[in-house]
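This report refers to the structure that appears directly beneath it.
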Amino acid sequence: MALVAHDAKKDDLVTFCSQHRRVLVGCDLIATGTTGGRIKEACPDLSVTRFKSGPLGGDQQIGARIADGKVDVLIFFIDPLSPHPHDVDVKALTRLAVLYDIAMALNRATAELLIVQILKNQRVA
Ligand SMILES: O=C(CO)COP(=O)(O)O
């Protein structure tokens with residue numbers, strides 16, 4: 001699972017991860033640099049592989065993992081109210097998630113639904 005959040009949404013994603021840590025502890029997590037650092041700080045029991053910060057290429061690194069078939073789920077809490085210098089990278093990342101048909105949540109409501117499904121899958125496995 002890949003985890004990414006824009007700055008204004010990082011607190012929300014950290015809270016989300018804390019609340020669902022028992023599900024997330026069973027997942028291989030990757031994240032952009034700052035997002036991953038914040039998650040690790042709040043949830044030291046989660047194993048999170050951190051890539052570069054988004055504006056420095058982290059979104060593209062995650063996109064490459066998606067293209068390699070190594071990501072099943074992208075949770076990306078986007079901030080729709082701020083401009084981002086690396087908007088083209090963000091667009092490329094979400095485009096690849098659609099192209100490779102992986103589950104993608106861009107807000108908390110959808111991410112909650114994905115967690116329910118992941119929990120079900122973990123119970124069956
Ligand atoms: O910019 C981002 C997503 O586009 C996130 O990157 P950081 O997690 O490094 O802030």
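A Cβ is built for glycine as well, from the same backbone N, Cα and C atoms used for every other residue.
For 1-125, the entry in TrEMBL reads domain 'MGS-like'.
According to TrEMBL, the substrate binding site annotation covers His6, Lys10, Thr32, Gly33, Thr34, Thr35, Ser53, Gly54, His86. There are 21 other CB atoms within 10 A of the CB of His6 (substrate binding site), with all protein chains counted.
Long-range C-beta contacts of Asp59 (active site, proton donor/acceptor), restricted to its own chain and to partners at least six residues apart, with a cutoff below 8 Å, comprise Val4, Thr32, His86, Asp89, Val90, Ala92, Leu93. DSSP assigns Asp59 (active site, proton donor/acceptor) to a helix. According to TrEMBL, the active site, proton donor/acceptor annotation covers Asp59.
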What whole-number distance in angstrom separates the two most remote CA atoms of the substrate-binding residues His6, Lys10, Thr32, Gly33, Thr34, Thr35, Ser53, Gly54, His86?
17
Within 10 Å of its Cβ, which one of these binding-site residues (Thr32, Ser53) has the largest number of other Cβ atoms?
Thr32
